[in-house]
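I have placed the structure first, in the form of structure tokens, so that the comments after it can refer back to it.
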Amino acid sequence: MVGIKYEDFLDTSYEPVDDELVCRFRIQPASDMTVEDAASRVASESSNGTWAELQVDGEVRDLSATAFDIDVEETDAAGGDPAEIAVAYPDALFEPGNMAQVLSCIAGNIMGMKAVDRIRLVDCTWPEPLATSFAGPLFGSSVREEFFDAGDRPILATVPKPKVGLTTDQHVQVGYDAWTGGLDLLKDDENLTDQSFNPFQERLTESFAARDRAQEETGEPKSYLINVTADANTMLDRVDDVAAAGGEYVMVDVITTGWAAVQSVRERCERHGMAIHAHRAMHAAFDRLPEHGVSMRVLAQIARLCGVDQIHTGTADLGKLENEDTYGINEWLAGDLHGLNDVLPTASGGLHPGLMPELLDRLGTNLCIQAGGGVHGHPDGTHAGAKAFRAAVEAAAEGVPLEERARDHPDLETAIEMWGTETPR
Ligand SMILES: O=C(O)[C@H](O)COP(=O)(O)O
Ligand SMILES: [Mg+2]
């Protein structure tokens with residue numbers, strides 16, 4: 001037997017091996033604690049230690065994490081000095097393919113430990129064995145070619161507004177107007193699921209009937225991001241229903257429903273060859289305060305591993321919501337992850353036609369862009385708003401100034417007169 005105590009979880013000269021998960025944290029130690037003490041407690045509590053010294057078999061140490069690479073920031077603030085630290089976790093600590101278990105280690109008890117006043121999981125480097133134990137996206141950004149014919153422009157979605165309260169007939173009419181106005185996707189809002197004013201089954205049947213009509217009339221492929229969010233069993237039934245109705249996608253509120261359920265949906269979607277659109281409502285509870293929680297970057301990494309094909313990652317500060325590092329996150333979602341598919345980022349929240357040139361300039365065109373108010377708030381209604389949005393995105397993708405395109409697109413001219421290039425709040 002050997003004794004292990006929290007100090008044993010720190011080794012500033014440690015070099016992680018290839019199959020270890022390396023997590024970077026920003027910590028603010030408690031005022032009576034050194035950075036080294038706090039860092040070793042983080043590694044201990046998030047792997048196999050606790051506050052008391054334990055007598056264990058020697059091989060149990062193989063599951064211990066190691067804190068290393070401590071970078072203390074100079075500050076005048078009261079309390080212990082904040083620091084960036086890295087923690088390496090051995091592969092055997094994790095159950096392959098179980099995101100709930102992984103998060104209970106790396107973002108579990110440590111988020112509330114008294115040893116740290118603040119702790120934020122900033123970034124992870126996912127090793128091959130752990131990363132490839134997850135399914136990853138079935139399609140990723142290939143949805144652009146698999147489901148649509150959008151060429152080099154981003155694919156375009158709209159969410160009916162008001163976000164809840166429209167009847168099924170009204171909701172479907174909004175979808176039809178948007179599709180025939182030139183948009184690719186109708187999207188449910190995050191808090192619309194199966195309420196009495198707009199029941200899921202009715203909405204599913206009627207929306208796909210309208211989608212088929214719009215496809216026929218426009219000669220363009222159209223699709224629908226219907227929100228299946230519920231308990232896991234109900235979601236799986238809804239996935240089957242969407243497949244039977246001819247859908248290509250389901251939408252899931254991934255944070256509120258939980259990653260384990262997302263993994264179940266991913267498995268079921270594979271049977272049907274369907275994609276997952278991930279709405280990130282409630283992410284800000286984890287990532288808005290910069291010193292604490294879990295960064296959006298890490299949430300997006302988790303979403304990719306669990307297998308979503310599209311995820312909201314912000315608007316690079318052009319929209320109505322606070323966004324953390326949209327560029328960096330999108331770049332990560334497009335980069336290599338041991339052969340797993342990429343994820344198509346979705347820019348949404350306060351967007352309108354006048355913002356499109358700047359948005360494409362900042363984020364490129366490998367994107368899904370979503371506008372609710374920026375379509376339905378058009379003075380001439382949803383159909384005109386959709387035409388203006390499509391014209392603006394096409395012009396931006398082609399590098400044509402909006403004012404020039406607006407000369408032969410009166411709906412775009414109206415939208416620009418109305419909203420200009422203002423960032424809404
Ligand atoms: O779910 C979303 O992405 C928002 O409802 C966007 O709505 P907005 O375009 O009206 O801001
Ligand atoms: Mg919304």
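Cβ coordinates come from backbone N, Cα and C, glycine included.
Since this is a predicted model, take the numbers as computed values, not measurements.
Sequence annotations record features per position, and here TrEMBL assigns active site, proton acceptor to Lys161, His279. Positions annotated as substrate binding site by TrEMBL: Lys163, Arg280, His312, Ser348, Gly349, Gly350, Gln370, Ala371, Gly372, Gly373. Taken from TrEMBL, the feature Mg(2+) binding site covers Lys187, Asp189, Glu190. Summarising the annotation, TrEMBL assigns domain 'Ribulose bisphosphate carboxylase large subunit C-terminal' to 147-419. According to TrEMBL, the feature N6-carboxylysine maps to Lys187. Per TrEMBL, site 'Transition state stabilizer' is recorded for Lys320.
Structure with TrEMBL features highlighted.
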residue	record	Cβ within 10 Å
Lys161	active site, proton acceptor	17
Lys163	substrate binding site	13
Lys187	Mg(2+) binding site	27
Asp189	Mg(2+) binding site	19
Glu190	Mg(2+) binding site	21
His279	active site, proton acceptor	29
His312	substrate binding site	26
Lys320	site 'Transition state stabilizer'	13
Gln370	substrate binding site	29
Gly372	substrate binding site	23
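The shortest Cα-Cα distance between Lys163 (substrate binding site) and any of the recorded positions Lys187, Asp189, Glu190, His279 is the one to Asp189. In sequence order, His312, Gly314, Thr315, Gly319, Lys320, Leu321 are the residues near Gly349 (substrate binding site), counting only same-chain partners six or more apart with C-beta under 8 A.
Using Gln370 (substrate binding site) as the reference Cα, a 10 A cut-off selects Lys187 from the recorded positions Lys161, Lys187, Asp189, Glu190, His279. Compute the center of the Cβ atoms of Lys187, Asp189, Glu190, which mark the site for Mg(2+); besides them, the chain residues with Cβ within 8 Å of that center are Val159, Lys163, Asp188, Asn191, Leu192, Leu225, Asn227, Met251, His279, Gly372. Put simply, of the recorded positions Lys161, Lys187, Asp189, Glu190, the one whose Cα is nearest the Cα of Gly372 (substrate binding site) is Lys161. Between the CA atoms of Glu190 (Mg(2+) binding site) and Lys161 (active site, proton acceptor) there is a gap of 12 Å, rounded to the nearest whole number. Between His279 (active site, proton acceptor) and Lys161 (active site, proton acceptor), the C-alpha separation comes to 16 Å. Under 6 Å, Cβ to nearest atom of ligand 2: this is the test, and of the binding-site residues Lys187, Asp189, Glu190 it is passed by Asp189, Glu190. Note on the domain 'Ribulose bisphosphate carboxylase large subunit C-terminal' (147-419): its mean pLDDT in the predicted model is 97.
You'll find the Cα of Lys161 (active site, proton acceptor) roughly 8 Å from the Cα of Asp189 (Mg(2+) binding site).
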